[in-house]
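Listed features, source Swiss-Prot:
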type     : residues                                       : note
BINDING  : ASN124, THR174, LYS178, ARG296, HIS328, SER380 : substrate binding site
ACT_SITE : LYS176                                         : active site, proton acceptor
BINDING  : LYS202, ASP204, GLU205                         : Mg(2+) binding site
MOD_RES  : LYS202                                         : N6-carboxylysine
ACT_SITE : HIS295                                         : active site, proton acceptor
SITE     : LYS335                                         : site 'Transition state stabilizer'
Amino acid sequence: MSYAQTKTQTKSGYKAGVQDYRLTYYTPDYTPKDTDILAAFRVTPQPGVPFEEAAAAVAAESSTGTWTTVWTDLLTDLDRYKGRCYDIEPVPGEDNQFIAYIAYPLDLFEEGSITNVLTSIVGNVFGFKALRALRLEDIRFPVAYIKTFQGPPHGIQVERDKLNKYGRPLLGCTIKPKLGLSAKNYGRAVYECLRGGLDFTKDDENINSAPFQRWRDRFLFVSDAISKAQAETGEIKGHYLNVTAPTCEEMLKRAEYAKELNQPIIMHDYLTAGFTANTTLARWCRDNGVLLHIHRAMHAVIDRQKNHGIHFRVLAKALRLSGGDHIHTGTVVGKLEGERGITMGFVDLLRENYVEQDKSRGIYFTQDWASLPGVMAVASGGIHVWHMPALVEIFGDDSVLQFGGGTLGHPWGNAPGATANRVALEACVQARNEGRNLAREGNDVIREAAKWSPELAVACELWKEIKFEFEAMDTV
């Protein structure tokens, strides 16, 4: 081996030392099976470590391998259970990086457990000393494994049927300020936004239960606000009540209370709470007919660095299996990170039933979801009325467009802010349906609508120069 390795000779003549992983776990002649879980890792080895050895080490440490020979290897069939690096390809423009393709036998994983999959595939291997950095770029779940999951509690079509809303994106808003409002004032803000034309309002991800606003009080005032807004508008409304809690028992207690109040949707922070809690809640939502909105708080800690961590497309696939009806995906045009091709790659992986391999969009494997329900993409973060044409053109109908500051920042108040967004949305949808090109004519569509909507005209004037123009870090 070409990197530092020590071996010791015992009195019995047995040689112990660091494994040469290439001999066992690098198998370029292997053809992956339809039942294998496949993973694509971006590997940056330490200087002097051959690519094949580094790739084999990843396969070993994320499956059956350990650092030395152990006699209990003889008690099982390692050739049946080991992970295998079956291909290596260079990363364009990077001399010391490569993509390692690894196949894992399905029998290594517990059925219906994303927790177990991630514990195995992205567990200890990320701290391996032979690697300078490691990133899981993509994963392929076989149909045989997908069939062991419930997936989203309801899915896109069932949600539209519940809400009786078709043919357009849904509109939402995160209530601001995110922290500090009393439950009564919070409910007032919810009512004004829903009355003005939004479909949903939302708890911020870090609102759980605090001294200034206990969860039960918030649920009550929000429920009253929704009932009043529905009576005035004749539309079904909802608010993402965040049931994330310190324990699973408390989480389910809050979910049950939301159900008692006849609320159509609740919310969960799936990464900070964990996949076990999320899968538990998703199953409860299916059993109780409640929609589940998912926030991805903490995702950038895991996926922001290009060379190390887990790409969000993997976290998105994991969420579709664990369960959620909505998930935040970035906006492409707003304040949060997200390049268009990459973002739409994982949006397709959330919504579509079958997605072909397309490495230009970061999709390393063809993914067949075996008719598992889709997840609605949520675009949220630094967006306003001038972004509406681009959002409709990029995300299409099966999405939720959430304007927090872009609603509550309206000079005339929350309800006019909501009205401005609803007018802008319906103008863009109508223009698209008439065959107009929103990418080219979007600003004209907004200006035309503003002529007969004073709420939209004021919003257009306020945010006409607000842009977030930074180079995306998430590129292929």
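Just so you know, glycine gets a Cβ as well, placed from its N, Cα and C.
Fair warning: this is a prediction, and the values are worked out from it, not measured in the lab.
Here the features listed in Swiss-Prot are placed on the structure.
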{"residue": "ASN124", "record": "substrate binding site", "DSSP (3 states)": "helix"}
{"residue": "THR174", "record": "substrate binding site", "DSSP (3 states)": "strand"}
{"residue": "LYS202", "record": "Mg(2+) binding site", "DSSP (3 states)": "strand"}
{"residue": "HIS295", "record": "active site, proton acceptor", "DSSP (3 states)": "strand"}
{"residue": "HIS328", "record": "substrate binding site", "DSSP (3 states)": "strand"}
- Query: What are the non-local neighbours of GLU205 (Mg(2+) binding site), defined as same-chain residues 6+ apart in sequence with CB under 8 A from its CB?
  - Reply: ASN242, THR244, ASP269, HIS295, ALA297
- Query: If one looks at the chain holding THR174 (substrate binding site), which residues at least 6 apart in sequence have a CB under 8 angstroms from its CB?
  - Reply: THR201, LYS202, ASP203, ASP204, SER380, GLN402, GLY404
- Item | Reduced DSSP assignment, SER380 (substrate binding site) | strand
- Any idea of the Cα spread of the substrate site, ASN124, THR174, LYS178, ARG296, HIS328, SER380, as a max distance in Å? 37
- Query: Applying the rule Cβ within 8 Å of the centroid of the Cβ atoms of LYS202, ASP204, GLU205, what extra residues of the same chain belong around the Mg(2+) site?
  - Reply: THR174, ILE175, LYS178, ASP203, ASN206, ILE207, TYR240, ASN242, MET267, HIS295
- Query: Of these recorded positions, LYS178, LYS202, HIS295, which scores lowest on Cβ atoms within 10 Å?
  - Reply: LYS178
